Every structure is written in structure tokens, then in C-alpha cells.
Amino acid sequence: MTKTIIRFGVIGCGLMGKEFASAAARWCHLTGVEYEPRITAVCDANPEATKWFRELVPSVTKAYSDYRELLADPDVDAVYCAVPHNLHADLYIDIIRSGKHLLGEKPFGIDREANRRIVAEMAARPDVLVRCSSEFPFFPGAYRIGQWVREGRFGKIIEVEAGFWHSSDLDPLKVINWKRRIATNGEYGCMGDLGMHVLHLPLRFGWRPNSVRALLQKVVETRPDGKGGSAPCETWDNAILACDVKTEDQRFPMVLSMKRIAPGHANTWFIRINGTELSAEYSTKNPKQIRSLPYQPGGEQAWHELDVPYHSAYPTITGGIFEFGFSDSILQMWSAFCDELVNRGGMKQPLYCATPEEAAESHELFTAALESDRTGQTVYIGGRDSLEAAGQSAG
Ligand SMILES: NC(=O)c1ccc[n+]([C@@H]2O[C@H](COP(=O)([O-])OP(=O)(O)OC[C@H]3O[C@@H](n4cnc5c(N)ncnc54)[C@H](O)[C@@H]3O)[C@@H](O)[C@H]2O)c1
């Protein structure tokens with residue numbers, strides 16, 4: 001099979017930049033795809049950070065410290081960008097202007113204003129594919145729940161709960177980093193870090209929050225600064241968002257939670273959907289297991305537990321009995337990005353990467369959540385139309 005080679009540049013050579021390079025290195029894991037990413041150039045403001053790539057990724061022939069040089073490089077077709085949130089707007093806008101396709105990290109702008117600037121820039125370059133990184137829906141258990149929603153198997157939705165929980169910040173001795181500072185991570189705190197992961201599937205299913213009542217929490221006030229002193233933790237650790245979802249034909253509650261301090265949870269992403277004809281839940285805590293309860297009127301109510309096979313969105317060499325993990329989900333997501341880049345509307349499977357429009361919806365929710373926590377009130381999203389849709393008085 002002749003493969004289309006997509007020449008990638010990676011901007012931001014930290015934690016996630018390396019994950020992406022590692023996924024490219026094992027592209028042979030995928031079977032039957034006619035495209036392949038090749039990382040030709042990398043860029044990091046700290047030249048030391050590019051060393052790992054220069055030494056271990058043979059396709060990398062250029063390392064830059066100024067991203068503008070990478071954007072001027074004719075040997076780069078597309079960019080994966082993983083930098084702190086305060087840089088998203090300026091870098092993403094310049095990437096889009098350069099005509100290179102962009103897979104950018106969430107939250108796609110440090111705040112709603114930054115996100116709107118990015119989305120506005122896209123209008124001038126409809127030829128450029130722009131997507132937002134969010135890999136958990138590619139876990140086979142989550143993917144299967146998506147299939148069930150598309151097939152309309154849940155009946156009337158009773159309620160939805162989704163979350164993403166971490167716990168390493170329970171340790172007050174963990175040294176502070178940019179993710180705990182408003183200037184670099186943003187006012188959203190844990191919502192900006194974890195929220196797009198939580199919202200990706202609900203938004204894809206068309207379950208937009210109409211209103212939100214938010215409870216935001218700061219648990220650890222200060223941390224070691226790594227230089228012998230201590231520094232204030234400025235951002236929200238945990239967020240619980242009680243949302244009212246209204247679709248064309250349904251209305252139901254949806255509780256979303258994003259927690260940096262959920263004791264015992266290393267990287268737990270989950271979704272639970274209760275419906276009148278089917279209930280189902282999937283959590284990366286037990287990555288193989290999917291639980292479901294099909295129901296018919298008058299019938300028994302019994303939960304079924306299935307070790308879901310390794311049937312990923314894009315077929316691989318891995319046998320069905322084996323486990324799927326975080327790095328597999330990155331590989332699958334990147335395949336979806338390349339598939340869409342090469343085949344556009346004719347993708348091999350239906351789950352495309354999170355869109356900038358979905359990221360924009362997440363910003364509307366997080367901005368409303370900040371207001372809700374500040375005022376202690378329910379905040380309607382989208383103004384008067386939402387109030388009327390909810391059957392509430394605007395006065
Ligand atoms: N999808 C996921 O599961 C996931 C997980 C973690 C982080 N993220 C996201 O990835 C992004 C980066 O997070 P990370 O954990 O990789 O951070 P990181 O701190 O490990 O890496 C960020 C890198 O960006 C570099 N950088 C800073 N300014 C730069 C500039 N002007 N030009 C080029 N490089 C610059 C830094 O030197 C650093 O090496 C964030 O948006 C974060 O929310 C996503």
C-alpha cells in the first residue's frame with residue numbers, strides 16, 4: 001500500500017510532545033491505514049527539551065527555539081502544539097495563518113476571549129484542518145458507548161455523569177508548576193486542564209448544557225516552589241458542575257466533575273449514562289470493563305459486566321484479549337486526525353477529533369461556571385434564548 005506521508009512539526013517538547021513522538025514511532029501498530037505521520041521538525045523555547053527528539057527520533061532533522069522558524073519550514077505540513085495555556089491563542093493563530101494543519105492541545109485558549117480569537121482566525125483558512133486533542137473517547141469501552149448513543153439504544157435519557165479525576169496534588173509536597181498558576185494555566189484551573197476531556201463525548205452526542213450551577217474548590221493553598229521556599233497555588237483544584245441539558249426532544253441533568261484531588265484516582269476518566277432502555281458506564285479505572293443494563297418494561301434490572309475486547313477505532317496488530325491503555329488512545333486519536341486530513345468527510349470510522357467549535361462550547365460552560373461559583377447562582381448559557389428554552393422568566 002502506498003502511504004501518504006504527513007510531515008509534522010511538534011511545538012512544545014514536554015510531556016505531551018514526547019507522547020506524540022512515541023505514537024509516531026509505533027505507527028506500524030496500526031493496520032490498514034494509508035497515511036503516516038513523520039515528525040521532521042521540533043521546537044521548544046528551551047533548546048534542552050528538544051534533545052530527546054534529536055537523539056531518539058531519526059526523522060527529526062531540524063530543531064528550533066522560535067516557533068516562527070518552524071512555521072516557515074516548507075518541510076512541515078501539519079503541527080502538533082502542546083504548550084502552556086497562555087500561549088495557545090498566539091501560537092495557534094500563527095499556525096493557522098501559516099497554512100499548516102493544527103492538532104492543538106486543550107483547552108484551546110486560556111479563556112473564552114483567547115478561544116474566540118482562535119476560532120475567528122479559522123474563518124480565513126477553511127482549507128486548514130484544526131482539531132483539539134482529546135483521546136479518551138478512543139478507549140474501546142468509551143467508543144462502544146458512542147456507538148450505542150448513535151444507534152439510539154438508551155431510550156429516554158434519565159441522567160448523565162462524566163468526570164476526569166487525578167490525585168497526585170493530594171501531596172502538599174509536590175512542587176508547583178505552571179499548571180497551578182493563573183498567568184499560565186488560566187482562571188479555569190482544573191476545568192481548563194481536564195474539562196475538554198469530560199465534555200468531548202457529551203458535546204458530540206449533542207448534550208449541550210443550558211445552565212450550570214458550579215462548586216469550585218481550592219484544597220492545597222501553597223506548595224514548595226522548588227527553590228527552598230513556598231508559592232501560592234492560585235488555581236481551582238476541583239470542580240463539580242451541575243448542568244441542565246436541553247436537546248430538541250429531551251431534558252435531563254448532567255453532572256460533570258474535574259478533580260485534581262480525588263484520592264486514589266491516578267487518571268480516571270469516566271462516563272455514565274442512565275436511560276429508560278439502556279444504562280451504561282465506562283471508566284478508565286477498569287479499562288477493559290464496560291457495564292451495561294438493558295431494560296424492557298416489566299423486565300429484570302441486571303447489570304452486565306463485559307471485558308470489552310481490544311477493538312479500537314482503527315484496527316491494530318493487537319489481539320482482542322489484550323488491554324488498551326493511555327498511549328494506545330493517543331495513537332488512535334492521531335490516526336483520526338490524519339484520517340480526516342487525508343480523507344476529510346470520507347473517514348474510515350465515525351469518531352473524529354474534538355473540534356474547535358466543541359472547544360468553544362466548553363469555554364462557554366467554564367466561563368459560566370466561574371460566574372456561578374462567584375455568585376452562588378445558576379447561570380444560563382447563551383443568554384435569553386436559553387432562559388426561554390428552559391421555561392424560566394428572564395426578569
Ligand atoms: N491530552 C492530554 O491528555 C494532555 C495531558 C497533559 C497536558 N495536556 C496539554 O498539553 C499542553 C502542554 O502540556 P504538557 O503537560 O505537555 O506541558 P509541559 O510543561 O510538559 O511542556 C510544555 C513545553 O512547552 C515549552 N514551551 C513553552 N513556551 C514555549 C514557546 N513559546 N515555544 C515553544 N515551546 C514552548 C516548554 O519549554 C515545555 O517544554 C497543555 O495545553 C496541556 O493542557 C494534554
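A Cβ is built for glycine as well, from the same backbone N, Cα and C atoms used for every other residue.
Record features, source TrEMBL:
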type: DOMAIN; residues: 6-125; note: domain 'Gfo/Idh/MocA-like oxidoreductase N-terminal'
type: DOMAIN; residues: 146-277; note: domain 'GFO/IDH/MocA-like oxidoreductase'
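DSSP states for the domain 'GFO/IDH/MocA-like oxidoreductase' (146-277), grouped as helix (H, G, I), strand (E, B) and coil, give 30 helix, 50 strand, 52 coil. Sorting each residue of the domain 'Gfo/Idh/MocA-like oxidoreductase N-terminal' (6-125) by its DSSP state yields 53 helix, 27 strand, 40 coil.
Looking only at the domain 'Gfo/Idh/MocA-like oxidoreductase N-terminal' (6-125), the predicted model's pLDDT averages out at 98.
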